[in-house]
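Read the structure below first, then the notes.
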Amino acid sequence: MQKQKLQGMQMMMMQPVGVGATPESTSTMSVGMNNMNRNIYMSLGMWGMQMPMQMPMSHHVLPGVNMNGVGMGVNSGAVQRALYNQQMAQMHVQMQQTMMMQQAAAVQQAQEQWRHNSVQQRVRQLQKLQDQQDQQAHKKNPQSDNNSSSWSALGPGGETQQQSKTEEHQQRDEETKNKYNHNLTTAQTAIHRTNNQALPLPLWPQTQTPPPQIYPVLIPVTQLVRLTPSQTTSQSPRRVLPVRAQNQWKNTPGACIIGADGIRRDRQGRPLRICGVDGCQYETGVTNSMTNHKASIHLIGVVWYPCNVEGCNFRAKRARETKRHRAAKHNIDVVWLSCEYDNCSYKAKDRSNLPTPTSQPSARAYSPPLLLKLPSPPPPSSPPRGTTHP
């Protein structure tokens, strides 16, 4: 049974989140959204196949960048990182909005269920009260339903007396029915009034505690205005943001606070500045971030070292990188050292890799094999030790 539930959850998680998503699919997909929020900067797996932000790099063509993102004098790595960070930020904002919409739908469903249960409880109370009234009326007149005993006790004219009692009983039943219908109509009117208001009306005695209400805050971060204590009045109370709304400031482009002076500031209180180059809406309060943005995206304020070879558009921010490029691609600015031995065509860039021309090869250029020194035998003319010549 557990295995079937897991398979069902996996099938529901594979549904894409979009305009046509049903409440059942969105409520079940909360598990997948939490997993995706934890692994947002890792490989997206099956989610990456369904997210609209996962587009190939050829759709993002910037000034000075070809369709492959490289080759026209731009630090392609920085451009790709900037595009990737922008996609991740937009996807993070979409995920936060989707999760907040799911929370609002769950709150609305809980409120409707609470109203329904309240009406049912009120109807049961009214029905129980009506039953108690009927029992009390029956105790006061116990012979009203005992027809056999009433007929046996009747004398002349008893039929008229029994008929009057039956009419009285029917009239009492009709009054009870009308009272019950009136109470039911009142309850239905309260339901209709409750559905058209923000807060539900209590349909039970005031001694019971109503369930807690949850008010999700769906305010865009770019339009959030925080009031100072001097501006806060009874007509405009300070609203405390929930934890989810406070966390959406993190890693979100354009998050700001508009103070009483009308200046847009970030969370640290630094005034925000907009790039403004060719209509760019990038804004930040950090000077280094703005400088790096203009240098990597708009190529402003960067000292480039070009290759200067005809037909080559390579350039770098450091002179040594350009020098390495010229040496590796064009064989320029390289002094090749030739071997000074006769009939040797070996060349090297560094003299340490060349042998030293001497009368005999040096130990670096030539090392003879190691030979073991064996003791030399005695000369044949000398007699063996301990003997004498004849």
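In case you wondered, yes, glycine gets a Cβ from its N, Cα and C as well.
Heads up, TrEMBL stuff is auto-annotated, nobody curated it.
In the compositional bias 'Low complexity' (119-135), the DSSP tally of helix, strand and coil residues is 17 helix, 0 strand, 0 coil. Look at TrEMBL and you will find 119-135 tagged as compositional bias 'Low complexity'.
According to TrEMBL, the compositional bias 'Polar residues' annotation covers 143-152 (among others).
The compositional bias 'Basic and acidic residues' annotation in TrEMBL covers 165-176.
Annotation comment: TrEMBL describes 353-362 (among others) as compositional bias 'Polar residues'.
TrEMBL lists 273-298 (among others) with the feature domain 'C2H2-type'.
Taken from TrEMBL, the feature domain 'C2H2-type' applies to 305-330 (among others).
Taken from TrEMBL, the feature region 'Disordered' applies to 118-176 (among others).
The region 'Disordered' annotation in TrEMBL covers 350-390 (among others).
Secondary structure of the compositional bias 'Basic and acidic residues' (165-176) per DSSP (helix as H, G, I; strand as E, B; remaining residues coil): 12 helix, 0 strand, 0 coil.
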